[in-house]
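> Below are the features listed in TrEMBL for this protein:
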TRANSMEM  71-89  transmembrane segment
TRANSMEM  101-121  transmembrane segment
TRANSMEM  164-184  transmembrane segment
TRANSMEM  205-226  transmembrane segment
TRANSMEM  232-251  transmembrane segment
TRANSMEM  263-279  transmembrane segment
TRANSMEM  291-308  transmembrane segment
Amino acid sequence: GSERHGNAGCVLLAAVDIQTACLGLYCGRTVLSVNGSVETYGDCGVCPRGQRTDDNKICRECMGSPDRYDWLYLGFMAMLPLVLHWFFIEWYSGKKSSSALLQHVTALFECSIAAIVTLLVSDPVSSLHIRSCKVKKLSDWYTMLYNPSPDYVTTVHCTHEAVYPLYTIVFIYYAFCLALMMLLRPLLLKKISCGLGKSDRFKSIYAALYFFPILTVLQAVGGGLLYYAFPYIILVLSLVTLAVYMSASEVESFKDLLVRKKRLVVLFSHWLLHAYGIVSISKLDKLEQDLPLLALVPAPALFYLLTAKYTEPSRILSEGGNGH
């Protein structure tokens, strides 16, 4: 009898444990009060902003700081609008290099100020440091996909920013970028508009009004994928755009590069992007192994310049014609 009673007690305890267990990957209990070493917990649900669940499904404050890879990711997301600004300014300014240069500087100023202000308003406020939670896996970026349905009817909503603040800080930065651009750029363009037509004057601003919503959607949907893939995206894009630029500018030798300073500026900016990609992949964990990899940065450009004369379309066609 006592044995049966003991078994019943175990079953009852197990049932209580199952009932009180927090379901779902990201549901947790908030700490209501702490009395010495004893903590009182609330109901199982969503963690407040700036917290994420620990291994025991308790919501804990994010007290860490971003590691080197996190900062490199934030740097990449900060560079995207700047690079797009520069591209469209160049695209629409045509031959008016003096007005383009001023716009380039203004775009850099806007993005730099936006980045500083974003860090200052993030927790802890008025500091360039930010506190964050560690990214453990891809699903941390998409907590909305892991809301549990215990009875397959009602859904327990536990969506919160498990990668705080890496997801939302990018949106805040883009908002400041857009606000500063709308404040500063029209005033600048009114001052230097002598070289630009009325229709072309604001085209770079109109382009930004298109690409900012696209970047926002990209971060909202693909933030987690970008976090893991951005070093490879940088490497591929820097290689492709450099090859396209050199072929469009008809650069076939080192002499062609030295003719115009602008070509050298474009080349060095691509090299910087390429170096950024290599650093992001290696994370510079082992300096003696990873730093020599930076010697590979000029390799694609050198390869292009050395082989460009052999791949000239007219030459290939003429040789093909002679052979025929």
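Glycine is no exception: its Cβ is also placed from the backbone N, Cα and C atoms.
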> Three or more CB pairs closer than 8 Å, sequence separation of 6 or more: does that hold for the transmembrane segment (232-251) against the transmembrane segment (291-308)?
yes
> Restricting to CB pairs under 8 Å, which listed stretch, 71-89, 101-121, 164-184, 291-308, is in contact most with the transmembrane segment (263-279)?
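By Cβ pairs under 8 Å, 291-308 leads among 71-89, 101-121, 164-184, 291-308.
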> What else in the chain is close to the transmembrane segment (205-226), if you only count residues 6 or more beyond its ends and a Cβ gap under 8 Å?
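Tertiary neighbours of the transmembrane segment (205-226) are 73, 76-77, 80-81, 84-85, 88, 91-92, 138, 140-142, 163, 166-167, 170-171, 174, 177-178, 181-182, 185-186, 189, 233.
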> For the transmembrane segment (164-184), find every same-chain residue at least 6 residues outside the stretch whose CB is under 8 Å from a CB in it, and list them.
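Distant contacts of the transmembrane segment (164-184): 49-52, 62, 66, 70, 73-74, 77-78, 81, 85, 106-107, 109-111, 113-115, 117-118, 121-123, 130, 132-133, 135, 141, 205, 208, 212, 215-216, 219-220, 223, 227.
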> Please tell me whether the transmembrane segment (101-121) and the transmembrane segment (291-308) touch - that is, whether there are at least 3 C-beta pairs under 8 Å between them, with each pair 6 or more apart in sequence.
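No, since the transmembrane segment (101-121) and the transmembrane segment (291-308) share fewer than 3 Cβ pairs closer than 8 Å, they do not count as touching.
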> Is the transmembrane segment (291-308) packed against any residues at least 6 beyond its ends, judged by a Cβ distance under 8 Å, and which are they?
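239, 242-243, 246, 251-254, 257, 267, 270-271, 274-275, 278-279, 282, 284.
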> Which bits of the chain, at least 6 residues beyond where the transmembrane segment (71-89) starts or stops, bring a Cβ under 8 A of a Cβ in it?
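For the transmembrane segment (71-89), the sequence-distant neighbours (Cβ-Cβ under 8 Å, at least 6 residues beyond its ends) are 100, 103-104, 107-108, 110-111, 115, 166, 169-170, 173-174, 177, 181, 203-204, 207-208, 211-212, 215, 219, 226-227, 230-231, 234, 276, 279-280, 283.
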